[in-house]
Every structure is written in structure tokens, then in C-alpha cells.
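A short worksheet on the structure shown next.
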Amino acid sequence: MSENISTQVEPIMSTYNRFPITLTKGKGSFVWDDSGKKYLDYTSGIATCNLGHVPDVVQEQVEKQLQQLWHCSNLYHIPSQQKLAAKLVENSCGDQVFFCNSGAEANEAALKLARKYASKHKGEDSAEIVTFTNSFHGRTLGSLSATGQEKLQQGFAPLLPGFRYLPFNDEKALEQLVQSNTCAVLLELVQGEGGVLPADPHWVDQLIEICKKNDILVMVDEIQTGMGRTGTLFTYEQYGIEPDVISIAKGLGSGIPIGAIIAKEHVAEVFGPGTHGSTFGGNPVATTAGLATVNHLVESNVIKQSKDIASYLLEGLTKLSEKYNQIEAVRGKGLLLGLVVKGNAIDYVNEAREHNLLILVAGPNVIRILPPLTTTKEEADQFLEIIDKVFASK
Ligand SMILES: *Cc1c(COP(=O)(O)O)cnc(C)c1O
């Protein structure tokens, strides 16, 4: 339409390919569009609304906080921030928390922390951070430089120096992990955007061993895999490892924007006063949402129940993969599930929407399924019935 000069320019930049529906309401596992049509939402706002939409336990606390104080900056103590930090420390292998507002910002904090740690303990030139091909760590220049996907980096050169990408799940390539200037690795334990690909436990073991031997920080990006998504509060627990730094965001606030890193004390201590900051980071409303979310995740049996549903869905999807040869593989962990398909994953996603089911893609040929952890067996049956119809129609 660029030749038509009378065409009004859209006021929003076109960075997103949006689906042609407008969502105006959500509760639990369902959302409604502006015509009143109801959808089963197995995207959870991209692994964010892990307790379902507008969960009562979070809503009540946030509404109370909205009556009290919205913002005061980090020049003052914030009780909900202190409580949330304590809860995260109590339920992880980390000792101290820094709060920000998003996943990319959490990774920025992790990258800066690693560099600061290295400058103190190894010297200024030991700044190299190793990440992995097909990873996704965010869209800011720092986190994009960490992201091992050329197509996302196209046109944004010069990127931040000091990153090296190794092939994911490749044991042989680990021989090249340590260079004289390497200070940290950053990895996803299930690559989310990169195609719902779990890290091989043996590969992770070897990676950790090399890092331990060479005083290289292990930083895990749990922005998508954290907050109960894969069947434990954090996915690193299932690998029997203790990372030095954990970045989280998406599910932390049940949909209220918040991010954080949790780090071991000997690493965190290099972030002294004035080294890093964020105006909104750890804001009273956001940390109230985070605290209510984490309290519910650790005190209720929602994660435990989500594991049963995850097995049920995995079984159902595996059966479907035997029925339809368009499905090449079923993979993932907990309620972060992927279907590798022949053809374009987006075609199935679009067809599913016609049947009132919302799902996602993760790359060109992977369908990504992210139910809320609170989803019921009845909803899972509804999902399996629809997805069966979708494959039958293709
Ligand atoms: C979503 C995501 C990010 C980026 O988070 P934003 O909040 O969009 O900045 C980083 N890492 C992983 C693994 C993610 O899934």
C-alpha cells in the first residue's frame, strides 16, 4: 500500500505479526475476544500467566497494593520486594536478588554481573561469555548479542563484543568452551523460542564440570522455563545443578511485568551501591504480584498437579503422533511442550484458532503448547480433541 499516499500510517510500529483477533477478557485457562468468542488459551500469554488469567490469589493482593502505594523508587525500602527476594532465595540455590522489569533486562543484569565479577576476579579482559546456537535471550542489544540466532541480529551491527556461540547439546564442541578470556556461560535448559528443545542432561553435566574446573560462571536463563513451567519451580533442579546466576521474568508476576536475577552471594557481592539499577525494578505493585505468585506456586499443589496434566498431555500427543504422520516428534518438559511438524507450524496454529484454541509456534516447524499450570484434565481433553481435528483437516 506504500504507493497509496492517502493510506493512514498505523500508529503502532509493525514489529509484531499479530493474529487477527482482539482479546478483551481472560479468566483461568480461557480468553474472550471483542466479539465475545471464547478460546482455550494454551499460550498463557507466552509462558507468563502460569496461574491462568487474572488468578484470584494474585488479583486480591495487587488490588490491595493499588490502594496503598504504586511506586516510590529504589531509594527507599519496599516490603513486598524484600519478601519476594527472601522467598526466591529460600526456594532456590541463590542468595541475593536484583529486580528489573523484563526478561531481556534480567539477562542484561546477568551479563553485567558476569563482567563485573570477571573484572574483579580475573582481570578486565576476561569478559567473554559463551552462549549457544538457537538460543533466545532477549531483544536489547546486550541480550541480543547473547542470542545465538543470526536472523534476529540482522541489521543491528555492531553487536556487543565478547560473545561466542557454541552448538547446543554438542559434547564435542565443549572442548572449545574455555578460552583464556572466558568468564561465563549463559544457557537455556529447554530452548523455548529456539524450538522447545531440552538440554541433554549428560551434556549439561559435562558443561558444568568444565565450568567448575575453570572458574567459569554458570548462568541459566529460566525466563521461560522457570516459575513451575516444567514441573519444578526452576528447571535447573531437574538437572541436579546449582547455577551461579538464574534469570527469571515471564511467569514471575502472573502477567504483571517483572524480571529478576538470583545469584550466589560470592557473585552478587560485586553489585555494590551504584553499580546497576532500574527505576521501576522491584516496584511495589510488580513485587506484590510476584510475591503472591511465588507464594502460591510453593505453598499450593499447583506444580504437582501440573505434572500429572503434563504426563496426560504428553501421552495424548504421543498417541496423535502415531495417528498423524505430519507429527515428527513430541518433545519438551512439563507444560512446555513442542510438536515438530512437517510443513509450516503456523498453518496448524491458525487452524486451531478457528476451533477456538490458542497455541504458538517456536520456529518454522515446531508448534509450542504452553497451558497454564492450573489447567484441568477436562480442558486437556478439550485441547486434545481440537488438536486432533486440526491435524485431521490438514
Ligand atoms: C522471553 C524470553 C526472554 C526475553 O524476555 P522479555 O521479557 O521479552 O524481554 C529471554 N529469554 C528467554 C528464554 C525467553 O523465553
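Note that Cβ sites are derived from N, Cα and C of the backbone, with glycine treated the same way.
Taken verbatim from TrEMBL:
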type    : residues                                                       : note
BINDING : Gly103, Ala104, Phe136, Asp221, Glu222, Ile223, Gln224, Thr279 : pyridoxal 5'-phosphate binding site
BINDING : Arg139, Ser278                                                 : N(2)-acetyl-L-ornithine binding site
MOD_RES : Lys250                                                         : N6-(pyridoxal phosphate)lysine
Cα-nearest neighbour of Asp221 (pyridoxal 5'-phosphate binding site) within the listed recorded positions, Arg139, Lys250, Ser278:
Lys250
Using all protein chains shown, find which of the binding-site residues Gln224, Ser278, Thr279 scores highest when you count other CB atoms within 10 A of its CB.
Gln224
Entries of Ala104, Glu222, Ile223, Gln224, Ser278 (binding-site residues) sitting next to ligand 1, with Cβ under 6 Å as the cut-off:
Ala104, Ile223, Gln224
Which of Arg139, Lys250 has the fewest nearby Cβ atoms, counting only those within 10 Å, among these recorded positions?
Arg139
Rounded inter-Cα distance in Å - Ile223 (pyridoxal 5'-phosphate binding site), Ser278 (N(2)-acetyl-L-ornithine binding site):
18
Which residue among the binding-site residues Ala104, Ile223 has the fewest other Cβ atoms within 10 Å of its Cβ, if you could check?
Ala104
Going by C-alpha distance, which of the recorded positions Ala104, Phe136, Lys250 is nearest to Ser278 (N(2)-acetyl-L-ornithine binding site)?
Ala104
Alpha-carbon spacing, Thr279 (pyridoxal 5'-phosphate binding site) to Lys250 (N6-(pyridoxal phosphate)lysine), which is rounded to whole Å:
19
